[in-house]
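Per Swiss-Prot, region 'Disordered' is recorded for 107-130. Residues or ranges marked as compositional bias 'Basic and acidic residues' by Swiss-Prot: 110-124. The L-serine binding site annotation in Swiss-Prot covers Thr231, Gly232, Glu233, Glu285, Ser385 and rests on sequence analysis. Positions annotated as ATP binding site by Swiss-Prot, on the basis of sequence analysis: Arg262, Ser263, Glu264, Glu349, Ile350, Ser351, Ser352.
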Amino acid sequence: MLDPKILRQNLEHVVEKLRRRGFEMDSDTFLQLENKRKEAQLAIQSFQTKRNQLSKTIGMAKSKGENPEPLMAEVSHLNDELKQEEANFETIQKAFSDFQLAIPNLPHDSVPDGKSENDNREIRQWGAPPGFDFTPKDHTVLGERDNQLDFEAAAKLSGARFVVLRGSLARAHRALAQFMLDLHTDQHGYEEVYVPYLVHEECLYGTGQLPKFREEQFQVAGDRNFFLVPTGEVPLVNLARDEIIEAPALPKKWVAQTPCFRSEAGSYGKDVRGMIRQHQFQKVELVQLVQPENSYQALEEITRQAEKVLQLLALPYRVVELCAGDLGFAAAKTYDLEVWLPSQNKYREISSCSNCEDFQARRIQARWRNPKTGKPELLHTLNGSGLAVGRTLVAVMENYQQADGHIRVPDALKSYMGGVDYF
(Lines of atoms letter the chains of each structure in order from A; the text may use other names.)
(Lines give C-alpha, C1' and ligand atoms only; values in the text may rest on other atoms or scores of the structure.)
Protein backbone atom coordinates (compact mmCIF):
# COMPACT_ATOMS: atom_id res chain seq x y z
CA MET A 1 0.00 0.00 0.00
CA LEU A 2 1.28 3.43 -0.89
CA ASP A 3 1.86 6.05 1.77
CA PRO A 4 -1.36 8.13 1.87
CA LYS A 5 0.76 11.22 2.66
CA ILE A 6 2.48 10.88 -0.73
CA LEU A 7 -0.91 10.57 -2.43
CA ARG A 8 -2.16 13.72 -0.71
CA GLN A 9 0.97 15.82 -1.05
CA ASN A 10 2.29 14.79 -4.47
CA LEU A 11 -0.61 13.29 -6.40
CA GLU A 12 0.62 14.27 -9.88
CA HIS A 13 4.00 12.65 -9.22
CA VAL A 14 2.30 9.41 -8.11
CA VAL A 15 -0.01 9.38 -11.15
CA GLU A 16 2.96 9.83 -13.49
CA LYS A 17 4.98 7.06 -11.84
CA LEU A 18 2.05 4.66 -11.97
CA ARG A 19 1.54 5.51 -15.63
CA ARG A 20 5.05 4.15 -16.27
CA ARG A 21 3.81 0.72 -15.28
CA GLY A 22 0.62 1.01 -17.34
CA PHE A 23 -1.66 1.81 -14.42
CA GLU A 24 -4.02 4.76 -14.77
CA MET A 25 -4.96 6.00 -11.33
CA ASP A 26 -8.36 7.67 -11.06
CA SER A 27 -7.21 10.90 -9.44
CA ASP A 28 -10.73 12.41 -9.60
CA THR A 29 -12.11 9.59 -7.44
CA PHE A 30 -9.21 9.99 -5.04
CA LEU A 31 -9.83 13.74 -4.69
CA GLN A 32 -13.55 13.18 -4.17
CA LEU A 33 -12.89 10.63 -1.43
CA GLU A 34 -10.29 12.88 0.14
CA ASN A 35 -12.70 15.83 0.22
CA LYS A 36 -15.46 13.67 1.73
CA ARG A 37 -13.01 12.38 4.33
CA LYS A 38 -11.98 15.92 5.32
CA GLU A 39 -15.60 17.11 5.48
CA ALA A 40 -16.62 14.17 7.67
CA GLN A 41 -13.60 14.70 9.91
CA LEU A 42 -14.43 18.40 10.35
CA ALA A 43 -18.07 17.56 11.08
CA ILE A 44 -17.02 15.09 13.78
CA GLN A 45 -14.70 17.64 15.35
CA SER A 46 -17.47 20.26 15.27
CA PHE A 47 -19.96 17.94 17.01
CA GLN A 48 -17.35 17.00 19.61
CA THR A 49 -16.56 20.67 20.31
CA LYS A 50 -20.25 21.53 20.71
CA ARG A 51 -20.78 18.55 23.01
CA ASN A 52 -17.82 19.54 25.18
CA GLN A 53 -19.08 23.11 25.42
CA LEU A 54 -22.56 21.92 26.38
CA SER A 55 -21.11 19.56 29.00
CA LYS A 56 -19.35 22.53 30.62
CA THR A 57 -22.58 24.56 30.48
CA ILE A 58 -24.47 21.69 32.14
CA GLY A 59 -21.89 21.63 34.93
CA MET A 60 -22.28 25.37 35.48
CA ALA A 61 -26.09 25.11 35.45
CA LYS A 62 -26.00 22.37 38.08
CA SER A 63 -23.68 24.44 40.27
CA LYS A 64 -26.17 27.33 40.11
CA GLY A 65 -29.09 25.05 40.90
CA GLU A 66 -30.62 25.49 37.45
CA ASN A 67 -32.51 22.75 35.59
CA PRO A 68 -30.00 21.04 33.21
CA GLU A 69 -32.59 18.81 31.48
CA PRO A 70 -32.99 20.91 28.28
CA LEU A 71 -29.21 21.04 27.87
CA MET A 72 -28.89 17.29 28.50
CA ALA A 73 -31.51 16.63 25.83
CA GLU A 74 -29.47 18.73 23.43
CA VAL A 75 -26.34 16.72 24.29
CA SER A 76 -28.25 13.50 23.66
CA HIS A 77 -29.31 14.80 20.25
CA LEU A 78 -25.71 15.82 19.48
CA ASN A 79 -24.50 12.34 20.43
CA ASP A 80 -26.94 10.79 17.96
CA GLU A 81 -25.72 13.12 15.21
CA LEU A 82 -22.10 12.38 16.15
CA LYS A 83 -22.68 8.62 15.88
CA GLN A 84 -24.21 9.08 12.42
CA GLU A 85 -21.26 11.18 11.28
CA GLU A 86 -18.76 8.68 12.71
CA ALA A 87 -20.53 5.89 10.80
CA ASN A 88 -20.36 8.04 7.66
CA PHE A 89 -16.65 8.62 8.28
CA GLU A 90 -16.03 4.87 8.64
CA THR A 91 -17.83 4.25 5.32
CA ILE A 92 -15.65 6.86 3.61
CA GLN A 93 -12.51 5.41 5.19
CA LYS A 94 -13.47 1.93 3.95
CA ALA A 95 -13.96 3.28 0.41
CA PHE A 96 -10.63 5.10 0.67
CA SER A 97 -8.89 1.93 1.89
CA ASP A 98 -10.41 -0.14 -0.95
CA PHE A 99 -9.23 2.50 -3.42
CA GLN A 100 -5.69 2.35 -2.02
CA LEU A 101 -5.60 -1.46 -2.03
CA ALA A 102 -6.14 -1.46 -5.80
CA ILE A 103 -3.08 0.74 -6.46
CA PRO A 104 0.20 -1.09 -7.25
CA ASN A 105 3.61 -0.10 -5.96
CA LEU A 106 5.58 2.72 -7.55
CA PRO A 107 8.47 1.60 -9.79
CA HIS A 108 11.93 2.56 -8.61
CA ASP A 109 13.58 5.31 -10.66
CA SER A 110 16.21 2.84 -11.94
CA VAL A 111 13.57 0.54 -13.47
CA PRO A 112 13.60 0.79 -17.29
CA ASP A 113 10.54 1.98 -19.16
CA GLY A 114 8.52 -0.58 -21.09
CA LYS A 115 5.12 -2.17 -21.49
CA SER A 116 5.74 -5.93 -21.42
CA GLU A 117 8.34 -8.68 -21.05
CA ASN A 118 9.56 -7.79 -24.53
CA ASP A 119 10.97 -4.57 -23.05
CA ASN A 120 12.86 -6.22 -20.18
CA ARG A 121 16.61 -5.61 -20.08
CA GLU A 122 19.20 -8.37 -19.97
CA ILE A 123 21.79 -7.67 -17.27
CA ARG A 124 24.15 -10.62 -17.59
CA GLN A 125 24.50 -14.22 -18.75
CA TRP A 126 26.24 -17.11 -17.03
CA GLY A 127 27.36 -20.34 -18.67
CA ALA A 128 26.96 -21.50 -22.25
CA PRO A 129 24.08 -23.62 -23.55
CA PRO A 130 25.22 -27.25 -23.92
CA GLY A 131 26.05 -28.66 -27.31
CA PHE A 132 24.47 -31.99 -28.24
CA ASP A 133 25.44 -34.44 -30.99
CA PHE A 134 21.78 -35.51 -31.04
CA THR A 135 18.46 -33.70 -31.06
CA PRO A 136 17.68 -32.84 -27.41
CA LYS A 137 14.37 -34.10 -26.10
CA ASP A 138 11.69 -32.25 -24.19
CA HIS A 139 11.50 -33.10 -20.46
CA THR A 140 8.09 -34.70 -20.98
CA VAL A 141 9.64 -37.19 -23.41
CA LEU A 142 12.60 -37.82 -21.12
CA GLY A 143 10.20 -38.49 -18.26
CA GLU A 144 8.35 -41.19 -20.18
CA ARG A 145 11.09 -43.71 -19.35
CA ASP A 146 9.70 -46.03 -16.66
CA ASN A 147 6.69 -43.71 -16.49
CA GLN A 148 8.54 -41.51 -13.97
CA LEU A 149 6.77 -38.35 -15.17
CA ASP A 150 3.11 -39.31 -15.18
CA PHE A 151 0.58 -36.71 -16.28
CA GLU A 152 -2.15 -39.27 -16.96
CA ALA A 153 -2.14 -40.48 -13.37
CA ALA A 154 -2.20 -36.88 -12.15
CA ALA A 155 -5.14 -36.08 -14.44
CA LYS A 156 -7.02 -39.04 -12.98
CA LEU A 157 -6.45 -37.63 -9.51
CA SER A 158 -6.77 -33.90 -10.06
CA GLY A 159 -7.18 -32.93 -13.72
CA ALA A 160 -4.88 -30.90 -15.96
CA ARG A 161 -1.74 -29.04 -14.85
CA PHE A 162 -0.72 -31.58 -12.21
CA VAL A 163 1.99 -34.24 -12.25
CA VAL A 164 2.90 -37.47 -10.49
CA LEU A 165 6.65 -38.07 -10.11
CA ARG A 166 7.98 -41.56 -9.52
CA GLY A 167 11.25 -43.27 -8.75
CA SER A 168 14.49 -41.44 -9.46
CA LEU A 169 12.67 -38.34 -10.73
CA ALA A 170 10.80 -38.04 -7.44
CA ARG A 171 14.10 -38.47 -5.62
CA ALA A 172 15.81 -35.86 -7.80
CA HIS A 173 12.96 -33.44 -7.09
CA ARG A 174 13.41 -33.99 -3.34
CA ALA A 175 17.19 -33.77 -3.67
CA LEU A 176 17.00 -30.41 -5.42
CA ALA A 177 14.83 -28.91 -2.70
CA GLN A 178 17.14 -30.23 0.02
CA PHE A 179 20.21 -28.93 -1.83
CA MET A 180 18.66 -25.46 -2.09
CA LEU A 181 17.69 -25.36 1.58
CA ASP A 182 21.15 -26.48 2.69
CA LEU A 183 22.82 -23.85 0.51
CA HIS A 184 20.69 -20.98 1.77
CA THR A 185 20.89 -21.98 5.44
CA ASP A 186 24.54 -23.08 5.59
CA GLN A 187 26.15 -20.54 3.26
CA HIS A 188 23.73 -17.62 2.87
CA GLY A 189 22.68 -17.18 6.48
CA TYR A 190 18.94 -17.85 6.24
CA GLU A 191 16.86 -19.31 9.03
CA GLU A 192 14.74 -22.22 7.81
CA VAL A 193 11.07 -21.86 8.64
CA TYR A 194 8.25 -24.37 8.33
CA VAL A 195 4.99 -22.51 7.69
CA PRO A 196 1.29 -23.33 7.24
CA TYR A 197 0.10 -23.87 3.68
CA LEU A 198 -3.36 -22.54 4.55
CA VAL A 199 -3.53 -18.84 5.41
CA HIS A 200 -6.20 -16.30 6.27
CA GLU A 201 -7.45 -13.86 3.67
CA GLU A 202 -5.75 -10.93 5.43
CA CYS A 203 -2.35 -12.52 4.72
CA LEU A 204 -2.99 -12.31 0.96
CA TYR A 205 -4.05 -8.68 1.36
CA GLY A 206 -0.82 -8.11 3.27
CA THR A 207 1.47 -9.28 0.48
CA GLY A 208 -0.63 -7.85 -2.35
CA GLN A 209 -2.26 -10.89 -3.99
CA LEU A 210 -5.62 -9.52 -2.89
CA PRO A 211 -7.83 -7.87 -3.86
CA LYS A 212 -6.64 -7.76 -7.49
CA PHE A 213 -5.68 -11.41 -8.07
CA ARG A 214 -8.52 -13.20 -6.28
CA GLU A 215 -9.36 -15.36 -9.31
CA GLU A 216 -5.81 -16.73 -9.31
CA GLN A 217 -6.12 -18.06 -5.75
CA PHE A 218 -7.44 -21.37 -4.46
CA GLN A 219 -9.88 -20.71 -1.64
CA VAL A 220 -11.00 -23.48 0.70
CA ALA A 221 -14.76 -24.07 0.74
CA GLY A 222 -16.57 -23.54 4.02
CA ASP A 223 -16.62 -20.84 6.65
CA ARG A 224 -12.96 -20.92 7.69
CA ASN A 225 -11.83 -18.28 5.15
CA PHE A 226 -8.64 -20.18 4.29
CA PHE A 227 -6.59 -19.83 1.11
CA LEU A 228 -3.89 -22.18 -0.17
CA VAL A 229 -0.60 -20.31 -0.38
CA PRO A 230 0.30 -19.17 -3.93
CA THR A 231 3.92 -18.72 -2.79
CA GLY A 232 5.94 -19.11 0.39
CA GLU A 233 6.36 -15.34 0.35
CA VAL A 234 2.84 -14.99 1.80
CA PRO A 235 3.31 -16.81 5.13
CA LEU A 236 6.95 -15.72 5.50
CA VAL A 237 6.30 -11.99 5.08
CA ASN A 238 3.22 -12.17 7.29
CA LEU A 239 5.32 -13.53 10.15
CA ALA A 240 6.24 -9.87 10.69
CA ARG A 241 2.62 -8.68 10.82
CA ASP A 242 2.12 -6.16 13.66
CA GLU A 243 5.68 -6.74 14.87
CA ILE A 244 8.29 -4.16 15.91
CA ILE A 245 11.78 -5.59 15.38
CA GLU A 246 14.75 -4.08 17.19
CA ALA A 247 17.55 -2.83 14.92
CA PRO A 248 20.23 -5.31 16.13
CA ALA A 249 17.93 -8.20 15.07
CA LEU A 250 17.95 -7.04 11.43
CA PRO A 251 18.13 -8.19 8.74
CA LYS A 252 15.67 -11.03 9.11
CA LYS A 253 16.46 -13.71 6.53
CA TRP A 254 13.97 -16.55 6.24
CA VAL A 255 13.78 -19.51 3.86
CA ALA A 256 10.98 -22.03 3.44
CA GLN A 257 10.15 -24.86 1.09
CA THR A 258 6.43 -24.89 0.37
CA PRO A 259 4.00 -26.14 -2.22
CA CYS A 260 2.50 -23.27 -4.20
CA PHE A 261 -1.07 -23.36 -5.50
CA ARG A 262 -2.20 -21.20 -8.42
CA SER A 263 -5.29 -21.34 -10.58
CA GLU A 264 -3.40 -19.96 -13.62
CA ALA A 265 -6.66 -18.24 -14.55
CA GLY A 266 -4.98 -15.96 -17.08
CA SER A 267 -2.75 -18.64 -18.61
CA TYR A 268 -5.16 -20.53 -20.86
CA GLY A 269 -3.21 -22.11 -23.71
CA LYS A 270 0.22 -21.32 -22.21
CA ASP A 271 2.62 -24.18 -21.44
CA VAL A 272 -0.15 -26.76 -21.47
CA ARG A 273 2.37 -29.61 -21.67
CA GLY A 274 4.85 -30.51 -18.99
CA MET A 275 5.87 -29.09 -15.65
CA ILE A 276 6.51 -25.45 -16.55
CA ARG A 277 3.11 -24.09 -15.50
CA GLN A 278 1.19 -26.10 -12.92
CA HIS A 279 -1.56 -25.63 -10.36
CA GLN A 280 0.70 -27.12 -7.67
CA PHE A 281 4.48 -26.89 -7.51
CA GLN A 282 7.27 -26.76 -4.93
CA LYS A 283 9.37 -23.66 -4.41
CA VAL A 284 12.14 -22.67 -2.05
CA GLU A 285 11.39 -19.07 -1.09
CA LEU A 286 13.77 -16.46 0.29
CA VAL A 287 12.49 -13.46 2.27
CA GLN A 288 14.43 -10.61 3.82
CA LEU A 289 13.22 -7.85 6.15
CA VAL A 290 15.68 -4.96 6.22
CA GLN A 291 16.18 -1.33 7.16
CA PRO A 292 15.05 0.88 4.25
CA GLU A 293 18.54 2.21 3.46
CA ASN A 294 19.79 -1.35 2.94
CA SER A 295 17.03 -2.73 0.73
CA TYR A 296 18.62 -2.26 -2.70
CA GLN A 297 21.86 -3.80 -1.52
CA ALA A 298 19.72 -6.67 -0.20
CA LEU A 299 18.04 -7.03 -3.61
CA GLU A 300 21.42 -7.55 -5.27
CA GLU A 301 22.33 -10.05 -2.53
CA ILE A 302 19.16 -12.10 -2.77
CA THR A 303 19.51 -12.22 -6.57
CA ARG A 304 23.11 -13.47 -6.32
CA GLN A 305 22.01 -16.10 -3.80
CA ALA A 306 19.37 -17.42 -6.19
CA GLU A 307 21.98 -17.37 -8.98
CA LYS A 308 24.32 -19.46 -6.83
CA VAL A 309 21.92 -22.41 -7.04
CA LEU A 310 22.10 -22.35 -10.83
CA GLN A 311 25.86 -21.88 -10.82
CA LEU A 312 26.47 -24.86 -8.53
CA LEU A 313 24.21 -26.95 -10.75
CA ALA A 314 26.11 -25.60 -13.79
CA LEU A 315 22.87 -24.57 -15.51
CA PRO A 316 23.18 -21.76 -18.08
CA TYR A 317 21.04 -18.75 -17.24
CA ARG A 318 20.63 -15.04 -17.64
CA VAL A 319 19.52 -12.22 -15.34
CA VAL A 320 16.84 -9.87 -16.65
CA GLU A 321 15.71 -6.58 -15.13
CA LEU A 322 11.95 -6.18 -15.49
CA CYS A 323 10.64 -3.05 -17.14
CA ALA A 324 8.04 -0.92 -15.37
CA GLY A 325 5.14 -2.45 -17.30
CA ASP A 326 6.11 -6.02 -16.36
CA LEU A 327 6.57 -5.50 -12.62
CA GLY A 328 4.53 -7.50 -10.15
CA PHE A 329 1.84 -5.65 -8.22
CA ALA A 330 3.84 -5.20 -4.99
CA ALA A 331 7.32 -4.82 -6.49
CA ALA A 332 9.31 -1.61 -6.85
CA LYS A 333 12.11 -3.40 -8.70
CA THR A 334 12.54 -7.00 -9.88
CA TYR A 335 15.21 -9.22 -11.40
CA ASP A 336 14.17 -12.45 -13.10
CA LEU A 337 16.52 -15.40 -13.52
CA GLU A 338 15.88 -17.35 -16.71
CA VAL A 339 17.39 -20.80 -17.22
CA TRP A 340 18.26 -22.28 -20.62
CA LEU A 341 15.93 -25.03 -21.89
CA PRO A 342 17.43 -26.85 -24.90
CA SER A 343 14.10 -28.24 -26.14
CA GLN A 344 12.69 -24.71 -26.44
CA ASN A 345 16.00 -23.16 -27.51
CA LYS A 346 15.42 -20.22 -25.18
CA TYR A 347 15.62 -19.02 -21.59
CA ARG A 348 12.63 -19.52 -19.27
CA GLU A 349 11.92 -17.88 -15.92
CA ILE A 350 13.01 -19.90 -12.91
CA SER A 351 13.25 -17.20 -10.23
CA SER A 352 11.93 -13.73 -9.52
CA CYS A 353 13.67 -11.50 -6.95
CA SER A 354 11.91 -8.31 -5.86
CA ASN A 355 12.25 -5.35 -3.54
CA CYS A 356 8.79 -4.29 -2.38
CA GLU A 357 10.19 -1.42 -0.29
CA ASP A 358 7.57 -0.52 2.38
CA PHE A 359 4.54 -1.47 0.24
CA GLN A 360 3.82 -4.77 2.02
CA ALA A 361 5.11 -3.57 5.39
CA ARG A 362 2.54 -0.76 5.44
CA ARG A 363 -0.27 -3.25 4.84
CA ILE A 364 0.83 -5.56 7.64
CA GLN A 365 2.41 -2.90 9.90
CA ALA A 366 5.81 -4.64 9.93
CA ARG A 367 8.16 -2.20 11.63
CA TRP A 368 11.59 -1.79 13.16
CA ARG A 369 12.66 0.54 15.95
CA ASN A 370 15.01 3.23 14.72
CA PRO A 371 17.61 3.67 17.50
CA LYS A 372 18.22 7.29 16.41
CA THR A 373 14.64 8.30 17.15
CA GLY A 374 13.41 5.46 19.34
CA LYS A 375 10.30 5.32 17.16
CA PRO A 376 8.92 2.44 15.06
CA GLU A 377 9.32 2.80 11.28
CA LEU A 378 8.24 0.61 8.39
CA LEU A 379 10.58 -2.13 7.22
CA HIS A 380 11.40 -2.93 3.60
CA THR A 381 10.49 -6.46 2.46
CA LEU A 382 12.22 -8.50 -0.24
CA ASN A 383 11.46 -11.90 -1.70
CA GLY A 384 13.09 -14.24 -4.18
CA SER A 385 12.64 -17.76 -5.52
CA GLY A 386 15.62 -19.80 -4.57
CA LEU A 387 14.42 -21.69 -6.74
CA ALA A 388 11.24 -23.11 -8.23
CA VAL A 389 11.97 -26.81 -7.71
CA GLY A 390 9.95 -28.29 -10.58
CA ARG A 391 11.40 -25.92 -13.17
CA THR A 392 14.89 -26.64 -11.83
CA LEU A 393 14.24 -30.35 -12.31
CA VAL A 394 13.11 -29.64 -15.87
CA ALA A 395 16.32 -27.67 -16.51
CA VAL A 396 18.50 -30.45 -15.09
CA MET A 397 16.71 -33.10 -17.16
CA GLU A 398 17.06 -31.18 -20.40
CA ASN A 399 20.59 -29.80 -19.96
CA TYR A 400 22.05 -33.04 -18.57
CA GLN A 401 20.26 -35.48 -20.89
CA GLN A 402 22.18 -38.23 -22.64
CA ALA A 403 21.54 -39.76 -26.05
CA ASP A 404 20.00 -42.87 -24.46
CA GLY A 405 17.53 -40.77 -22.46
CA HIS A 406 19.28 -41.01 -19.10
CA ILE A 407 20.09 -37.88 -17.10
CA ARG A 408 23.58 -37.23 -15.77
CA VAL A 409 23.52 -36.13 -12.14
CA PRO A 410 25.07 -32.68 -11.56
CA ASP A 411 28.11 -32.91 -9.28
CA ALA A 412 26.48 -30.70 -6.63
CA LEU A 413 23.55 -33.11 -6.43
CA LYS A 414 25.38 -36.45 -6.24
CA SER A 415 25.54 -36.65 -2.44
CA TYR A 416 21.77 -36.08 -2.34
CA MET A 417 21.19 -38.84 -4.93
CA GLY A 418 23.07 -41.62 -3.18
CA GLY A 419 26.23 -41.08 -5.24
CA VAL A 420 24.77 -42.29 -8.54
CA ASP A 421 26.06 -40.77 -11.77
CA TYR A 422 22.88 -41.11 -13.84
CA PHE A 423 19.16 -41.49 -13.33
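Keep in mind that glycine also has a Cβ here, set from the backbone N, Cα and C atoms.
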Positions whose Cβ lies under 8 angstroms from the compositional bias 'Basic and acidic residues' (110-124), at least six residues beyond its ends:
20, 22, 318-327, 332-333, 335-336
How would DSSP class Glu233 (L-serine binding site) in three states?
helix
Helix, strand, coil residue numbers for the region 'Disordered' (107-130) per DSSP?
3 helix, 6 strand, 15 coil
On the Cα atoms of Thr231, Gly232, Glu233, Glu285, Ser385, which are listed as binding L-serine, what is the maximum pairwise distance in Å?
9
Closest to Arg262 (ATP binding site): which of the binding-site residues Thr231, Gly232, Glu233, Glu285, Ser385, going by Cα position?
Thr231
Validating a neighbour-count step here. Other CB atoms within 10 A of the CB of Ser351 (ATP binding site): how many?
28
Residues Arg262, Ser263, Glu264, Glu349, Ile350, Ser351, Ser352 [recorded ATP binders]: greatest CA to CA distance in Å:
19
With an 8 Å cut-off on Cβ distance to the Thr231, Gly232, Glu233, Glu285, Ser385 Cβ center, who else from the chain surrounds the L-serine site?
Val234, Leu236, Ala256, Thr258, Cys260, Lys283, Val284, Leu286, Val287, Asn383, Gly384
Counting only residues 6+ apart in the same chain, whose Cβ is under 8 Å from the Cβ of Glu233 (L-serine binding site)?
Thr207, Glu285, Val287, Asn383
Hey, how far is Ser263 (ATP binding site) from Thr231 (L-serine binding site), Cα to Cα, in Å?
12
Given the binding-site residues Glu264, Ile350, Ser351, Ser352, which lie close to Ser385 (L-serine binding site), meaning Cα to Cα within 10 A?
Ile350, Ser351, Ser352
When you tally the Cβ atoms that lie within 10 Å of each candidate's Cβ, which of the binding-site residues (Thr231, Ser263, Ser352, Ser385) has the highest tally?
Ser385
C-alpha of Gly232 (L-serine binding site) to C-alpha of Glu264 (ATP binding site): distance in Å?
17
Collapsed DSSP category at Arg262 (ATP binding site):
coil
